[in-house]
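For 3-23, 37-57, 69-89, 100-120, 135-155, 171-191, 223-243, 253-273, 293-313, the entry in Swiss-Prot reads transmembrane segment, with the evidence type sequence analysis.
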Amino acid sequence: MHLINILCLIIPILLAVAFLTLLERKILGYMQLRKGPNIVGPYGLLQPIADAIKLFIKEPLRPATSSKLMFTLAPTLALTLALSLWIPIPMPYPLVNLNLGVLFILAMSSLAVYSILWSGWASNSKYALIGALRAVAQTISYEVTLAIILLSIMMTNGSFTLSNLTTTQEHMWLILPLWPLAMMWFISTLAETNRAPFDLTEGESELVSGFNVEYAAGPFALFFLAEYANIIMMNALTAILFFGALHNPMFPELHTLNLITKTLILTMTFLWVRASYPRFRYDQLMHLLWKSFLPLTLALCMFHVSAPATFAGVPPHM
């Protein structure tokens, strides 16, 4: 694989992340009846560049009592994992067409927990540690439902390859037959990416800023980039799983445009939810998963396992 292929994937993601921060501030601004950033450049379009320059030229401070290696390694690992999650995403062709693309995404998003845990522990601050423990418990819990929902979708798809979902959804989007799963999936992705109303890791009133409270300048920017890259990736995955774009081999650009539009709409929904809903209480967050989502997803998964045998049908194979 050539280096140019990897760069062609990474650079657009980082640019998208930069402008997503601007979009979020604009949307929140308009929802709160104010303008949002509008000074730097026309309509505030250069604001992300100004933010990046400011963050990366500041001195990265490190607490004297922190663990130097882990403290530096955690943000690097977070961004590396966030970018590697994009490898099997078909847009319409993935960087590497993995046979078990879905399992790769699950495994990589599970590894992201370590970067949060390391950053909280290495900071040697009680606020950071409590924030990290909350984030880890939340991420691991919601990964359970994500895995079961993915298993149900793969039963319908007949394969663990993400590219096959395009073929499966040629005639009908999977959101129509699987709408309960789609709703639970969307709420679980909000919790998985630590977004409002599940942003308990960043409870300003209790934890100052959560697991990244001791970070400043460059390392903080890396965490920030990782979080937003994960948001876009999760929405792209939602679009692929439930709103499959039609792929015409003669015009692959149409598929890409279609996918980008759907991802953008879903990302706007994330921001809309942030502007509209207050934060959950921690026990409510856990009850929602273990007492509501888990039994329901397990029941639906058992139904999807038994349906082909019951109705003597077979899942669509390539």
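One-based numbering along the chain as shown.
Here the Cβ of each residue, glycine as well, is placed from N, Cα and C on the backbone.
The structure displayed is predicted, hence computed values, not measured ones.
Cβ atoms under 8 Å from those of the transmembrane segment (223-243) belong to residues 13-14, 16-17, 20-21, 75, 78-79, 81-83, 85-86, 89-91, 105, 109, 112, 115, 119, 150, 153, 162, 165-166, 169, 173-175, 178, 182, 185-186, 189, 192-195, 212, 215, 259, 262-263, 266-267, 270 of the same chain, restricted to positions at least 6 beyond its ends. Under the criterion of 3 or more C-beta pairs below 8 Å, with sequence separation of 6 or more, the transmembrane segment (293-313) and the transmembrane segment (69-89) do not qualify as touching, having fewer than 3 such pairs. Between the transmembrane segment (37-57) and the transmembrane segment (69-89), the number of CB pairs under 8 angstroms, six or more residues apart, is fewer than three, so the stretches are not in contact. With pairs at least 6 apart in sequence, the transmembrane segment (3-23) and the transmembrane segment (100-120) have fewer than 3 Cβ pairs within the 8 Å limit; the two do not touch.
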